[in-house]
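TrEMBL has this to say about the protein:
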REGION    12-86  region 'Disordered'
COMPBIAS  26-43  compositional bias 'Low complexity'
COMPBIAS  66-79  compositional bias 'Acidic residues'
DOMAIN    120-220  domain 'Cyclic nucleotide-binding'
DOMAIN    252-365  domain 'N-terminal Ras-GEF'
DOMAIN    370-418  domain 'PDZ'
Amino acid sequence: YLQLPADLTKMHLTDNPHPQVTHVPSSQSGCSIASDSGSSSLSDIYQATESEMGDVDLTGLPEAPVDSEDEEEEEDEDIDRTSDPLLGRDVVRECLEKEPADKTDDDIEQLLEFMHQLPAFANMTMSVRRELCSVMIFEVVEQAGAIILEDGQELDSWYVILNGTVEITYPDGKSESLCMGNSFGITPSLDKQYMSGVVRTKVDDCQFVCIAQQDYWRILNHMEKNTHKVEEEGEIVMVKEHRELDRSGTRKGHIVIKATPERLIMHLIEEHSIVDPTYIEDFLLTYRTFLTSPLEVGNKLLEWFTVDSLRDKVTRVVLLWVNNHFNDFEGDPAMTRFLEEFEKNLEDTKMKGHLRLLNIACAAKAKWRQITLQKPSRDSPLFFSLLGGSDKGFGIFVETVEVGSKAAEAGLKRGDQV
């Protein structure tokens, strides 16, 4: 898994998110997180058995496009794309070259898809990125060594590098290079600002997008209307962004963009808006980057299971967890015990439909393995017991394994089917 920005675990809120020169590692580029293509939904399991949970839409992810078989025909095109690291697709370049007033909604969406990958836009909300894409202007400096900004020159724009490299030489003689995705220029303020140092291109064909000072200040300082901050004991523990997915206004709501680990766990059982329907799947895919142990989630789920109003939500989380990331349980004895305790809770509360779903998910995701037990004599105990058989009407399963025994050391576990 790629390392995610540190602000997913700790709140770093500032009124000035972009200093004059911003350096953000490529690993912190702002990409939207989605469930991995290897995870599957529970729809097949729901169809395989009767359940008490009702209909739930858990369809899988769309398939990715397949490359053309005619590789020779596309070879020249691939060379052209690699020689133009700015865009990769001509359509984005066409969108950039349009005047702001001429950009359509489709143009802005194309630009938004490209810009959100750049570090300069990483810590911005989706609505801010969209507004910036609608007013940005495309500029090209063809020659290396060309001066873009002089020392002491009044600044009027914020620049983001899309292609090439620029060098900033400061008055004290120090210099640094900025490459694709880095930004320089004004801060979000209407005060007069002046360049400290000289900015010049280091290579040919340097390409930028520029946002005028008035627009940059207006957009970044009006972002508060699209965000909602949740505070507890005077501390901000969660920030949500308001989004609209269509022009009709019927698909709108808040989506979580940052929070403390404790608040992210709590949000698993809260109501999710129509614009954030995959929060649970996304959390289960990414929690490893900001939690030290999955038991932090498991223990809270067991605690919430005792609350009648939360029981169905907790069960849904566990079923998705087992179905999409069974390795979290199969390779961790503590998580295996969590699963056994959760199974017992389902039995005690007579949630038979959910229990069947859990058993089917475990059976479908478990891996085959071979275990060899050596007995010193024929009469030595096995240290485990079995349940089932033809007289019971179902398969043979391991019912109990003695803790600390040779069977346990060999890897035999309760619930294993022989």
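Including glycine, each Cβ sits where the backbone N, Cα and C put it.
Broken down by DSSP into helix, strand and coil, the domain 'N-terminal Ras-GEF' (252-365) contains 82 helix, 8 strand, 24 coil.
With DSSP states grouped into helix (H, G, I), strand (E, B) and coil, the domain 'Cyclic nucleotide-binding' (120-220) comes out at 20 helix, 39 strand, 42 coil. For the domain 'Cyclic nucleotide-binding' (120-220), the model gives a mean pLDDT of 91.
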